[in-house]
Amino acid sequence: MSYVPIVIEQTSRGERAYDIYSRLLKERIIFVCSTVEDHMANLVVAQLLFLEAENPKKDIYMYINSPGGVVTAGLAIYDTMQYIKPKVATLCIGQACSMGSLLLCGGEKGMRYSLPHSRIMIHQPSGGYRGQATDIEIHAQETLKIKRLLNELYSKHTGQELKHIEKSMERDNFMSPEEAKKFGIIDNIISSRDAMTMSAK
(Lines of atoms letter the chains of each structure in order from A and count residues from 1; the text may use other names and numbers.)
(Lines give C-alpha, C1' and ligand atoms only; values in the text may rest on other atoms or scores of the structure.)
Protein backbone atom coordinates (compact mmCIF):
# COMPACT_ATOMS: atom_id res chain seq x y z
CA MET A 1 0.00 0.00 0.00
CA SER A 2 1.43 3.39 -1.02
CA TYR A 3 1.97 6.11 1.54
CA VAL A 4 -0.38 9.11 1.33
CA PRO A 5 1.15 12.31 2.74
CA ILE A 6 -0.57 14.10 5.61
CA VAL A 7 -0.67 17.89 5.59
CA ILE A 8 -1.36 20.23 8.49
CA GLU A 9 -3.67 23.19 8.06
CA GLN A 10 -3.44 26.12 10.44
CA THR A 11 -6.77 27.73 11.33
CA SER A 12 -8.00 30.18 13.93
CA ARG A 13 -9.20 27.17 15.90
CA GLY A 14 -5.84 25.44 15.81
CA GLU A 15 -4.35 22.73 13.61
CA ARG A 16 -6.11 20.11 11.55
CA ALA A 17 -4.55 17.17 9.71
CA TYR A 18 -5.72 16.03 6.27
CA ASP A 19 -4.48 13.44 3.85
CA ILE A 20 -3.27 15.32 0.78
CA TYR A 21 -6.22 14.32 -1.42
CA SER A 22 -8.82 15.42 1.14
CA ARG A 23 -7.07 18.75 1.51
CA LEU A 24 -7.08 19.29 -2.26
CA LEU A 25 -10.75 18.28 -2.38
CA LYS A 26 -11.41 21.39 -0.29
CA GLU A 27 -10.03 23.32 -3.28
CA ARG A 28 -12.47 21.39 -5.54
CA ILE A 29 -9.67 19.30 -7.06
CA ILE A 30 -10.35 15.62 -7.81
CA PHE A 31 -7.65 13.15 -8.82
CA VAL A 32 -8.22 10.32 -11.31
CA CYS A 33 -4.70 8.99 -11.04
CA SER A 34 -4.87 5.20 -11.25
CA THR A 35 -6.47 2.40 -13.20
CA VAL A 36 -10.18 3.05 -13.71
CA GLU A 37 -12.09 0.39 -11.79
CA ASP A 38 -15.31 0.16 -9.78
CA HIS A 39 -13.98 1.15 -6.34
CA MET A 40 -12.08 4.21 -7.52
CA ALA A 41 -14.99 5.19 -9.79
CA ASN A 42 -17.37 5.12 -6.82
CA LEU A 43 -15.01 7.40 -4.90
CA VAL A 44 -14.72 9.85 -7.80
CA VAL A 45 -18.50 9.88 -8.31
CA ALA A 46 -19.02 10.52 -4.59
CA GLN A 47 -16.56 13.43 -4.70
CA LEU A 48 -18.31 14.95 -7.71
CA LEU A 49 -21.70 14.71 -6.01
CA PHE A 50 -20.32 16.13 -2.76
CA LEU A 51 -18.79 19.14 -4.50
CA GLU A 52 -22.04 19.76 -6.38
CA ALA A 53 -24.00 19.70 -3.12
CA GLU A 54 -21.47 22.05 -1.53
CA ASN A 55 -21.67 24.63 -4.34
CA PRO A 56 -23.52 23.83 -7.59
CA LYS A 57 -22.23 27.01 -9.29
CA LYS A 58 -18.50 26.62 -8.64
CA ASP A 59 -16.20 24.81 -11.09
CA ILE A 60 -14.59 21.44 -10.33
CA TYR A 61 -11.07 20.54 -11.47
CA MET A 62 -10.31 16.93 -12.40
CA TYR A 63 -6.65 15.95 -12.76
CA ILE A 64 -6.17 12.80 -14.85
CA ASN A 65 -3.14 10.50 -14.92
CA SER A 66 -4.63 7.15 -15.85
CA PRO A 67 -3.83 4.20 -18.13
CA GLY A 68 -7.56 3.52 -18.48
CA GLY A 69 -9.40 0.49 -17.21
CA VAL A 70 -12.95 -0.86 -16.94
CA VAL A 71 -15.33 0.75 -19.42
CA THR A 72 -18.43 0.64 -17.20
CA ALA A 73 -16.52 2.21 -14.30
CA GLY A 74 -15.29 4.97 -16.59
CA LEU A 75 -18.78 5.58 -17.93
CA ALA A 76 -20.06 5.96 -14.35
CA ILE A 77 -17.60 8.83 -13.86
CA TYR A 78 -18.33 10.29 -17.31
CA ASP A 79 -22.11 10.25 -16.83
CA THR A 80 -21.78 11.92 -13.43
CA MET A 81 -19.60 14.65 -14.95
CA GLN A 82 -22.39 15.38 -17.43
CA TYR A 83 -25.14 15.03 -14.81
CA ILE A 84 -23.96 17.49 -12.17
CA LYS A 85 -24.47 21.26 -12.39
CA PRO A 86 -20.88 22.52 -11.87
CA LYS A 87 -18.59 22.75 -14.87
CA VAL A 88 -15.85 20.11 -14.74
CA ALA A 89 -12.46 21.21 -16.05
CA THR A 90 -10.13 18.34 -16.97
CA LEU A 91 -6.34 18.34 -17.02
CA CYS A 92 -4.08 15.54 -18.25
CA ILE A 93 -0.92 15.14 -16.18
CA GLY A 94 1.24 12.26 -17.40
CA GLN A 95 -1.17 10.16 -19.40
CA ALA A 96 -4.84 9.84 -20.27
CA CYS A 97 -5.27 6.54 -22.07
CA SER A 98 -8.33 4.53 -23.04
CA MET A 99 -11.14 5.49 -20.60
CA GLY A 100 -8.84 8.16 -19.19
CA SER A 101 -8.94 9.94 -22.56
CA LEU A 102 -12.75 9.80 -22.63
CA LEU A 103 -12.89 11.48 -19.22
CA LEU A 104 -10.40 14.07 -20.46
CA CYS A 105 -12.43 15.01 -23.52
CA GLY A 106 -15.69 14.75 -21.53
CA GLY A 107 -14.81 17.87 -19.55
CA GLU A 108 -16.46 21.24 -20.09
CA LYS A 109 -15.83 22.55 -23.61
CA GLY A 110 -13.08 25.16 -23.47
CA MET A 111 -11.82 23.79 -20.13
CA ARG A 112 -10.03 20.62 -21.26
CA TYR A 113 -6.28 20.89 -20.79
CA SER A 114 -3.02 18.98 -21.00
CA LEU A 115 0.43 19.66 -19.65
CA PRO A 116 3.11 19.86 -22.38
CA HIS A 117 4.64 16.40 -22.01
CA SER A 118 1.56 14.29 -21.36
CA ARG A 119 0.45 11.45 -23.61
CA ILE A 120 -3.09 10.72 -24.72
CA MET A 121 -4.25 7.43 -26.23
CA ILE A 122 -7.56 6.30 -27.71
CA HIS A 123 -8.52 2.83 -28.89
CA GLN A 124 -11.46 0.48 -29.25
CA PRO A 125 -12.58 -1.54 -26.19
CA SER A 126 -11.13 -5.00 -25.71
CA GLY A 127 -12.56 -8.11 -24.12
CA GLY A 128 -11.42 -11.61 -23.37
CA TYR A 129 -14.13 -14.16 -22.70
CA ARG A 130 -14.19 -17.87 -22.00
CA GLY A 131 -17.04 -20.31 -21.71
CA GLN A 132 -19.77 -21.71 -23.90
CA ALA A 133 -19.97 -20.52 -27.50
CA THR A 134 -23.34 -18.83 -26.93
CA ASP A 135 -22.00 -16.88 -23.94
CA ILE A 136 -18.94 -15.79 -25.92
CA GLU A 137 -21.24 -14.57 -28.71
CA ILE A 138 -23.35 -12.59 -26.21
CA HIS A 139 -20.27 -10.89 -24.77
CA ALA A 140 -18.91 -10.17 -28.25
CA GLN A 141 -22.17 -8.45 -29.20
CA GLU A 142 -22.03 -6.38 -26.00
CA THR A 143 -18.44 -5.35 -26.76
CA LEU A 144 -19.52 -4.16 -30.22
CA LYS A 145 -22.35 -2.14 -28.65
CA ILE A 146 -19.89 -0.54 -26.24
CA LYS A 147 -17.54 0.18 -29.14
CA ARG A 148 -20.31 2.03 -31.01
CA LEU A 149 -21.26 3.95 -27.86
CA LEU A 150 -17.69 5.08 -27.21
CA ASN A 151 -17.26 6.12 -30.85
CA GLU A 152 -20.40 8.26 -30.57
CA LEU A 153 -19.19 9.90 -27.35
CA TYR A 154 -15.79 10.73 -28.81
CA SER A 155 -17.51 12.12 -31.91
CA LYS A 156 -19.79 14.28 -29.75
CA HIS A 157 -16.97 15.80 -27.70
CA THR A 158 -14.30 16.15 -30.40
CA GLY A 159 -16.52 17.28 -33.26
CA GLN A 160 -14.99 14.62 -35.50
CA GLU A 161 -17.09 12.65 -37.98
CA LEU A 162 -18.09 9.22 -36.69
CA LYS A 163 -16.30 7.45 -39.54
CA HIS A 164 -13.07 9.27 -38.70
CA ILE A 165 -13.43 8.29 -35.03
CA GLU A 166 -13.98 4.65 -35.97
CA LYS A 167 -10.85 4.63 -38.12
CA SER A 168 -8.77 6.47 -35.52
CA MET A 169 -9.75 4.06 -32.73
CA GLU A 170 -9.19 0.82 -34.64
CA ARG A 171 -5.80 0.36 -32.94
CA ASP A 172 -3.92 2.03 -30.07
CA ASN A 173 -3.63 5.64 -31.19
CA PHE A 174 -1.10 7.63 -29.14
CA MET A 175 -1.11 11.41 -29.36
CA SER A 176 0.99 14.30 -28.17
CA PRO A 177 -0.90 17.21 -26.58
CA GLU A 178 -0.62 19.07 -29.90
CA GLU A 179 -2.15 16.12 -31.77
CA ALA A 180 -4.86 15.71 -29.12
CA LYS A 181 -5.75 19.40 -29.45
CA LYS A 182 -5.98 19.10 -33.23
CA PHE A 183 -8.15 15.99 -32.82
CA GLY A 184 -10.49 17.82 -30.43
CA ILE A 185 -9.82 15.86 -27.24
CA ILE A 186 -8.41 18.92 -25.46
CA ASP A 187 -8.81 22.66 -25.94
CA ASN A 188 -5.52 24.04 -24.64
CA ILE A 189 -1.97 23.01 -23.74
CA ILE A 190 -0.76 24.76 -20.60
CA SER A 191 2.51 24.92 -18.72
CA SER A 192 1.47 27.12 -15.79
CA ARG A 193 -1.54 27.66 -13.56
CA ASP A 194 -1.80 31.23 -14.84
CA ALA A 195 -2.25 29.91 -18.38
CA MET A 196 -5.10 27.68 -17.20
CA THR A 197 -6.78 30.63 -15.47
CA MET A 198 -6.41 32.89 -18.50
CA SER A 199 -7.73 30.31 -21.00
CA ALA A 200 -10.81 29.67 -18.85
CA LYS A 201 -11.85 33.34 -19.02
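Quick reminder: no glycine exception, Cβ is built from N, Cα and C everywhere.
Swiss-Prot annotations:
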ACT_SITE  Ser98  active site, nucleophile
ACT_SITE  His123  active site
Distance from the residue listed as 'active site, nucleophile' back to the residue listed as 'active site', taken between C-alpha atoms, in Å: 6
Reduced DSSP assignment, Ser98 (active site, nucleophile): coil
Which of Ser98, His123, all active-site residues, has a Cβ with the fewest other Cβ atoms inside 10 Å: His123
Structural state of His123 (active site), classified by DSSP into three states: coil
